[in-house]
Amino acid sequence: MRNFPILKRKINGQRLVYLDNASTTQKPEIVLGAMDNFYRNHNANIHRGIHTLSQEATELYEGTRDKVQKFINAKNREEIIFTSGATEAINLVVWTWGHENIHAGDEILLSEAEHHSNLVPWQILAKKKRAKLKFIPVISPPPLSSPLKPTPKPSTLLGDPGKGEEPPSLEGRGKGRVGTLDLSKLDKLITSRTKIVSTAHASNVLGTVNPIEEIIRAAHKVGAMVLIDGAQAGGHIPINVQKLNCDFYVLSGHKMYGPTGVGVLYGKKELLSLMPPYQAGGHMIRKVELESSTWADLPHRFEAGTANIAEAIGLGAAIDFLTLIHNSPNPSYLKRGTNTRTLPLKLRGRWRGLLKYESELTAYALKQMQKIRGIEIYGPQNNKDRIGVISFNLKKIPPHDLASILDSRGIAIRTGHHCAMPLHDKLGIESSARISLGIYNTKKNIDAFINGLKYAQRILSPPREGEIKRGSRSKNT
């Protein structure tokens, strides 16, 4: 795809098949071009000069803030704080709002499926403050092994537009299903001592889309705040923070086709205005005297030091890219050299089209994977309850060995605990392999991956009893 130049690469003589998007996404030309243009033509520090370059750089940087505000439908631009990533955004809340408002005996509610970045900071705070951590459990019976019940046809899962059926919303689905959060005791987990609930919009291991609206409503009933970790949601799920009514929401730029080194914290203005600075230094001050200082207004109070200017501009370009895909069949920026005609046709529409495309691709991947003998797929077994993040193991094949075999065929996947050790403990495994899909992936990519799994089994797995020749299939295949 011409939009993503790295996809032209060959790895070990094979065209790159990139299936590691939950770790980081590849960058379209519009992002690369925006950052290159900044350094070539506008490079200067922001907010600190009246010369032309500084003014231009400031406009580009602050322009991204406006784009983020619109992208997540925040009420005010002052509610958008730039960070180095989702991890820093969570830590900012922990060590400002959390440090000020959580005390001995208070409760912090997380889930068993959190990324370490949304677990470890709260652990440290809870220990420091003598607060109590509580966890929403994950429904996780032993993972299913193939043969599995066939996945319904995508039209069944998504609705049939030809019959006037709409694809189901990704919000609030999956209650009571394998790999989803068990909300049956949510009212008991959330108490008058609960100060904050912090959970992911979508799991980076199970791919599950969590029913965050229900969680937010339950938390607000007792006056608790809610932070949503949207690292895996940005670029895959529509985000409307006003509709969600969450108190904090975090994004990771590099997981939504933007550059590394930039993220976003959204916070309600009335909360941010009461929070102390996270870091101190230049730019975040109003007045400095030898023995005291006063702080700048929002959002600059939380953006100390020289910003990641080029990265923020790149994030703005990524949002332009996503917005144009979602909203315009004939994006005007084609004239600026980025050709979206090479995108699959189903992507040239609105959010509904993107959701449908990725959901159909996830359904196809699950269906093909479920045909592989000895596979264990973790989380929901169809695409109704998940984004395109699928973790799995192949019987008797260590995940790292599998990844090495696939890499020899130009296929990039992720292996390990995916920064979610407690969840892997809950699943009864030490590590897993994971594929994760992006807007540039195709069924052809999935087919190459499936062929790679079969090849790995021929290379690394002993033949089963009754197999006459290497690679022959049994009735269970």
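Yeah, the Cβs are placed from backbone N, Cα and C, and that goes for glycine too.
The structure displayed is predicted, hence computed values, not measured ones.
Taken from TrEMBL, the feature compositional bias 'Pro residues' covers 144-153. The feature domain 'Aminotransferase class V' is assigned by TrEMBL to 17-138, 179-325, 355-449. Residues or ranges marked as region 'Disordered' in TrEMBL: 144-178.
Secondary structure of the domain 'Aminotransferase class V' (17-138), assigned with DSSP and counted as helix (H, G, I), strand (E, B) and coil, comes to 67 helix, 18 strand, 37 coil. Per-residue pLDDT, averaged over the domain 'Aminotransferase class V' (179-325), rounds to 97. Under DSSP, the residues of the domain 'Aminotransferase class V' (179-325) split into helix, strand and coil as follows: 45 helix, 33 strand, 69 coil.
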